[in-house]
Amino acid sequence: MRFSIISLVSLPLFLGLTYAGGVEKDERNNVCTVKANGKQKDDMPNLFKAFKECGNGGTIIFPEDQSYWIGTRLNPLLNDVTVQWRGKWTFSDNLDYRRNNSFPVAFQNHRVGFIISGHNVTIDGNGNTWYTAEKGVTQSGRPMPFVFWNVSEVNVENFYVKDPPLWSLNIMNGTNMRFNNIYCNATSVDAPYGYNWVQNTDGFGSFSAVNTMDAVNIQLTNFVYQGGDDCITIKPRSYNIDIQNVTCVGGNGIAVGSLGQYLEDSSVENVRVDKVKIIRYNEDMHNSAYIKTWVGALVPQSSYESAGLPCGGGWGNVRNILFSNFEVQGANAGPSVNQDSGNNGSYSGSSLMTVSNIVFANFTGYTSGGTSVTSKVSCSEVHPCYNIEFDDVLLYPGKNASNLGTGSCKYTANGGVHGLEGC
């Protein structure tokens, strides 16, 4: 799937045309302009028509003065298309329909409400309905509002996702993609202070960052996230990921992982994350930058994300990862590695993932974890991690602390960790 994005000034302008909700097609130029129905009437039939008629070598326009109501699911197949997406999309608040009719995703038992690609996008996921209904206990069926699935040569700019029910912006099988000026906000208006009702609302990610998975050659610049889970997650089989200028407000920081949850290669290689601000919000900011892999055996799980099935035992390499220039304001923890996800107490140090050539460089600020230990490295007895570098990681264990924090390490190769006091 190839996309050619051009600026608004070069698009034909349909000034003076009036619509009662529908699709206006310029046959000569293969351009479809979609007008919203209004009054919370489902706009999906018109969207489907536009994607069908102009989704192959054409242009689809969603004017900026339009508000679209997304009542049903959609997965158009597009080719060589330009999407000028200025209007606002709001997903319906029909929770029963969404739980039972979204597209299933095998990874962590999730679902997707809408799969497409576009440019200049504002999506309102109507997530507060979900946050209030579940009150911090995620249930199966919450849909991701937006997924790039099986795409290549994609450029996305000025993209805003408001109140996503689940992961905000995801890549599943994507190659050569560039994202710039992306904003994701998941804020519960009903949650009591100090309570996180917006868990699993990850920002950007490679699911296959923002979630990424099966993603190659991905660039993300100028990204802002406010929410209650991973700001950016880089998941299995993500390669050549470059991320710069990020602000994470609340949640769980920048994650590589989780990896190894399933019996498959879960490698991640060649990642740079640079110039990041980590800001505590609503007493919620768990990590700053971390790598997490599952234990090396199938372990019974009870959470909905595992669909009640045992998980773990995946393999692969996590290597050539650089986290640099982080300003940490009150996260519970500094940079860390944890290879014991999914452990029930009997499988510590059993991960089959090999972690190596990791650099945490130029971290400043303070943590709020209530301990002098600001960084932990817990790897694998099966494949002890090595070449883990802490270079100018200067974090204080509290806003008013006078001494720098220390670290702790286990299941690492002899001399495998450098620059972390206590290891």
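Backbone N, Cα and C atoms are what each Cβ position is placed from, and that goes for glycine too.
In Swiss-Prot this protein carries:
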type     : residues      : note
SIGNAL   : 1-20          : signal peptide
CARBOHYD : ASN100        : N-linked glycosylation site
CARBOHYD : ASN120        : N-linked glycosylation site
CARBOHYD : ASN150        : N-linked glycosylation site
CARBOHYD : ASN173        : N-linked glycosylation site
CARBOHYD : ASN185        : N-linked glycosylation site
ACT_SITE : ASP229        : active site, proton donor
DISULFID : CYS231-CYS248 : disulfide bond
CARBOHYD : ASN245        : N-linked glycosylation site
ACT_SITE : ASN252        : active site
CARBOHYD : ASN344        : N-linked glycosylation site
CARBOHYD : ASN362        : N-linked glycosylation site
DISULFID : CYS379-CYS385 : disulfide bond
CARBOHYD : ASN400        : N-linked glycosylation site
DISULFID : CYS409-CYS423 : disulfide bond
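Feature map: Swiss-Prot annotations on the structure.
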residue: ASN150; record: N-linked glycosylation site; Cβ within 10 Å: 15
residue: ASN173; record: N-linked glycosylation site; Cβ within 10 Å: 19
residue: ASN185; record: N-linked glycosylation site; Cβ within 10 Å: 19
residue: ASP229; record: active site, proton donor; Cβ within 10 Å: 25
residue: CYS231; record: disulfide bond; Cβ within 10 Å: 33
residue: ASN245; record: N-linked glycosylation site; Cβ within 10 Å: 16
residue: CYS248; record: disulfide bond; Cβ within 10 Å: 30
residue: CYS379; record: disulfide bond; Cβ within 10 Å: 29
residue: ASN400; record: N-linked glycosylation site; Cβ within 10 Å: 6
residue: CYS409; record: disulfide bond; Cβ within 10 Å: 18
* Asked: Between ASN245 (N-linked glycosylation site) and ASN252 (active site), what C-alpha distance do you get in Å?
  -> 17
* Cβ packing number for ASN344 (N-linked glycosylation site), 10 Å threshold -> 13
* Want to know which recorded positions, from ASN173, ASP229, ASN400, are within 10 Å of ASN150 (N-linked glycosylation site) at Cα; which are they? -> ASN173
* If you count other Cβ atoms within 10 Å of each one's Cβ, which of the recorded positions ASN252, ASN362 has the most? -> ASN252
* Asked: Cα distance, CYS385 (disulfide bond) to ASN185 (N-linked glycosylation site), nearest Å?
  -> 35
* Identify, among the disulfide-bonded residues CYS385, CYS423, the residue whose Cβ has the fewest other Cβ atoms within 10 Å in this structure. => CYS423
* **Separation of alpha carbons, CYS231 (disulfide bond) and ASN173 (N-linked glycosylation site) (Å)** => 20
* Given the recorded positions ASN252, ASN344, CYS385, CYS409, state which is nearest to CYS231 (disulfide bond) when distance is taken between Cα atoms. => ASN252
